[in-house]
Amino acid sequence: MRTHTGEKPFKCDVCKRSFNQKSKLAIHSRTHTGEKPFKCDVCKRGFNQKSNLAIHMRTHTGEKPFKCDVCKRSFNQKSNLALHMRTHTGEKPFKCDICKHSFNGKSDLAIHMRIHTGEKPFKCDICKYSSNWKSALAVHMRTHTGEKPFKCDICKYSSIWKNALAIHMRIHTGEKPFKCDVCKRSFNQKS
């Protein structure tokens, strides 16, 4: 009946959020305590809800029951399909209040906001480098480790950057996509 009346008599002592069922309050309380009683048998990761464990298990089984009707791509979560559908509809409901740039996901907007705030939460443990992108820090770390994962199949060239390999490949293919407006000569990279 509380569903229809809107009554929420079960209140969280920590954040004062209210719930219509005692069981929902119990689940919510785990966000404050950090309790994760539902463990994955494969990777031992813990979850605060049984339903979240069930969704997680799909990463191990490869099950993707939610299919896009437009491009037939499949997803392991309904929410991921809903987010994906925005790529087809062009819907971008999350707007930056500062520059008015729009995003299809809330997390994309949060990452974008770092440009305006100057926040760079991803810091290198070895030098003073910091970035607002986790992926940029991962690439930067290769300068310390010497890892060059992008390798040419034709010669011994390798790089820490994917785009550097793409430019290098033009040596082998002969592709010269950049043309000088003055002399009309073509080049394999922009100078």
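Note that Cβ sites are derived from N, Cα and C of the backbone, with glycine treated the same way.
Under the heading domain 'C2H2-type', TrEMBL lists 10-37 (among others).
Averaged across the domain 'C2H2-type' (38-65), the predicted model reaches a pLDDT of 94. Annotation source TrEMBL lists domain 'C2H2-type' at 38-65 (among others).
The domain 'C2H2-type' annotation in TrEMBL covers 66-93 (among others). Long-range contacts of the domain 'C2H2-type' (66-93) within its own chain (CB-CB distance under 8 A, at least 6 residues past either end) are made by residues 55, 58-59, 102-105.
What TrEMBL records for 94-121 (among others) is domain 'C2H2-type'.
Listed as Cβ neighbours of the domain 'C2H2-type' (122-149) (distance under 8 Å, sequence separation of 6 or more from its ends, same chain) are residues 111, 114-115, 158-161. The feature domain 'C2H2-type' is assigned by TrEMBL to 122-149 (among others).
Marked as domain 'C2H2-type' by TrEMBL: 150-177 (among others).
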Problem - Composition by DSSP (helix, strand, coil) of residues within the domain 'C2H2-type' (10-37) - result: 12 helix, 4 strand, 12 coil
Completion exercise
Spatial neighbours of the domain 'C2H2-type' (94-121) not adjacent in sequence (6+ beyond its ends, CB under 8 Å) are 83, 86-87, 130-133
